[in-house]
Amino acid sequence: MTTPPPAPPATESSAPADEGWAAPTAHGPLDATVEVPGSKSLTNRLLVLAALADGPGTLRGALRSRDADLMIAGLRALGVEVVEGSTPSELHVTPGPLRGPVDVDCGLAGTVMRFLPPVAALADGTVRFDGDEGARVRPMGPVLAALAALDVPVEAPDGRLPTTLPFTIRGRGHVRGGSVDVDASASSQFVSGLLLAAARYDQGLTVRHVGRTLPSMPHIEMTVEVLREVGVVVDDSRPAIWRVEPGPVAARDVQVEPDLSNAAPFLAAALVAGGTVRVTGWPAATTQPGAMVPELLESMGATASLDGDVLSVTGTGEVRGVDVDLHAAGELAPTIAALAALADSPSRLRGIAHLRGHETDRLAALATEITRLGGQAEETRDGLVITPRPLHGALFRTYHDHRMATSAAVIGLRVPGVGVENVGTTAKTLPGFAGMWERMLAGSGAATR
Ligand SMILES: O=C(O)C1=C[C@@H](OP(=O)(O)O)[C@@H](O)[C@H](O)C1
Ligand SMILES: C=C(OP(=O)(O)O)C(=O)O
């Protein structure tokens, strides 16, 4: 696991203005409406299911970002046709025989590195997986061990059973399936990846989670839901056991929901700056963990309301500390941590030990960077304790983590002189973030630097 460098002494002065993206400070209440692009989690699930389907299908409102484009490239390499329609977010997917030898670049995308190996197991030929340097420390062992237990040949470069990237899967054109145990305490994506491909395994698949904790349940529920929507029979009636029956995956034409986790920093801005931020296209019902955003922001002092498909969050500029378990929605932790650093009372974020295996060790990274700005943030066994202190500007390091960058932007609304290192890293799931953020402020007449 990569460890962020130690924080500089607390007396270090503000970053020079030319270091990183100068996060705009808000000098007045916000009044903005934001449209966020499609959900990463839904886009990459729906792409996989379209690739395994019984005919051509279409995704509308799909996310186009680094993670989504890596999924598209991986599927294309495996023999699936993915072509853009009238806009980049309209994707026409035509399944083809899956085959190797091919290389799949996972970048830093958990969904690519965990969802494609169970698909590659169905290919005829060798599929080599690798990714960014930071991806080579993200946990992979349990999902690869599960495939090996199903007699899928999986090899590290040294010939052993791999626990991280890079690795090779020698697909034989089919997978027996049956039943497998997996410890998904480090990532729910191990379960989701196996379930997504399972209907195409000869005997289907029963997956049993055997670890002590299971993070991100909404994401597993999302997997079950999208499988059922394409006619796959899934039994999730027993705790921590999922049974997927073998059978066809129906092709369809599907609209992707906006990414509610990426809406979180924009909505959080209303809490910090005061005023109202609205997000359009908010679904009435969803399995996205971002559904928790309104409730979480309310617990920190906002008011939230849904009018049709527009979610509005209004704040006064005062932020209350919280004690919150984010086990189900770890993706939201960086935004909540940023708010906690600006709150008027201490916060405790619990249930998120697994964030140590995300894009970076997010607990260490958040504690280090909040401390760098003069704040007080300590790692606990399974989370963070953040005690508000007066903050000052500095360069906020982002460790190639899109959500570190968006957190820094939230803090920068209140703290002049926050520079965001490599704000372009937000392209992992939200290309154009900096421009969207600046427009939110400029449109409200609230931005200065
Ligand atoms: O299945 C998914 O789409 C995701 C599951 C979660 O992973 P973990 O369970 O590894 O936290 C989440 O954090 C990630 O951003 C997306
Ligand atoms: C953990 C995340 O991503 P990934 O899908 O790469 O695991 C995230 O987006 O917060």
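Cβ from N, Cα, C; glycine included.
No curator has checked TrEMBL annotations; they are predicted automatically.
These features come from TrEMBL:
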- 1-30: region 'Disordered' (REGION)
- 26-434: domain 'Enolpyruvate transferase' (DOMAIN)
- Lys40, Ser41, Arg45, Ser187, Ser188, Gln189, Ser216, Glu331, His358: 3-phosphoshikimate binding site (BINDING)
- Lys40, Gly110, Arg138, Gln189, Arg362, Arg403, Lys428: phosphoenolpyruvate binding site (BINDING)
- Glu331: active site, proton acceptor (ACT_SITE)
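Among the binding-site residues Arg45, Gln189, His358, Lys428, the ones whose Cα sits within 10 Å of the Cα of Glu331 (active site, proton acceptor) are His358.
Arg138 (phosphoenolpyruvate binding site) has His358 as its nearest neighbour among the binding-site residues Lys40, Arg45, Ser188, Ser216, His358, going by CA to CA distance. For the pair Gln189 (phosphoenolpyruvate binding site) and Lys40 (3-phosphoshikimate binding site), the C-alpha distance works out to 13 angstrom. Looking at His358 (3-phosphoshikimate binding site) and Gly110 (phosphoenolpyruvate binding site), their Cα atoms lie 8 Å from each other. Listed in sequence order, the binding-site residues among Arg45, Arg138, Lys428 whose CB lies under 6 angstroms from an atom of ligand 2 come out as none at all.
DSSP assigns Arg138 (phosphoenolpyruvate binding site) to coil in the three-state reduction, outside any helix or strand. Checking the recorded positions Arg138, Ser188, Gln189, Glu331, Arg403, Lys428 against ligand 1, the ones whose Cβ sits under 6 Å from it are Ser188, Gln189, Glu331.
The 3-phosphoshikimate-binding residues named in the record, Lys40, Ser41, Arg45, Ser187, Ser188, Gln189, Ser216, Glu331, His358, extend over a maximum Cα to Cα distance of 19 Å. Considering only the binding-site residues Lys40, Ser188, Ser216, Arg403 (phosphoenolpyruvate binding site) has Lys40 as its nearest partner by CA-CA distance.
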